[in-house]
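Right, one structure below, let's go through it.
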Amino acid sequence: MSVIEIRSYQHWISTIPKSGYLAVDCYADWCGPCKAISPLFSQLASKYASPKFVFAKVNVDEQRQIASGLGVKAMPTFVFFENGKQIDMLTGANPQALKEKVALISSKATGTGALASSSSAPVKGFASLQGCIENPQLECLNQQDDHDLKSAFNSNPSSFLESDVDEQLMIYIPFLEVVKVHSIAITPVKGETSSAPKTIKLYINQPNNLSFEDAESFTPTQVIEDIVYEQDDQPTIIPLRFVKFQRVNSLVIFIYSNVGEEETTKISRLELFGEPVGDSSKGKLQKVEA
């Protein structure tokens, strides 16, 4: 199977597999390192490509919307998807790193590797909204530099988001299009459920992140209290008042307190579920069948 050259946004949407893996080479015609490593990417595609593992290329100058949504800031950048969700990124023309990354994902695609994938906790009838998030505009106040918000959106089980000077976090999540948000899934850090969020306040359609002072003075769209985590390393699904989250272009999550009144709050993984509004999708969704 050859490398697919993405020609339009709709072509991009149709290329991302709902079930399986995707490796994307984000390049520019003027980029020397891009040209140097391009033959290797093609060789890897010839070796590993299958119906479960697709290889594609995106010209960042011609497909700016796609590049922006992927968070590409330098070339070349290689982006990897699992079941319609972005799971990893590799920046720079590093042949050995690219070989290792592709080989690892291939082992997951064929089910032969020790890290064979498991899907995230499903919300039946709805889809993960991770592909609809405008990643470059994500923001979190009071996060630790080494444990920032991006740590809660990747697939690395050892990474996590942690607050800094106290237990509170202010998370701003903008979307590439208007969505309906049905539920939030929060996974605690293994063995540290006491540091997981207990009370959260949600605010929709804010143009920017809120300050902690503003959040106290604004009326939340919904307040969720006394969150209970049955397993310390598994997602807890928190259904929202769906009628209040029908047209959402951004979501602010104010982590107000944690379960054990710990000094800092920790989140292993954060995921949103819902569906897009209208027929024009700007992000790839993975539907979870009932």
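Glycine is treated like the rest: Cβ placed from N, Cα and C.
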**Asked** Which one is it, C26, C34, that Swiss-Prot ties to C31 with a disulfide?
**Response** C34
**Prompt:** Out of C31, C34, which of the disulfide-bonded residues has the smallest number of neighbouring Cβ atoms within 10 Å?
**Reply:** C31
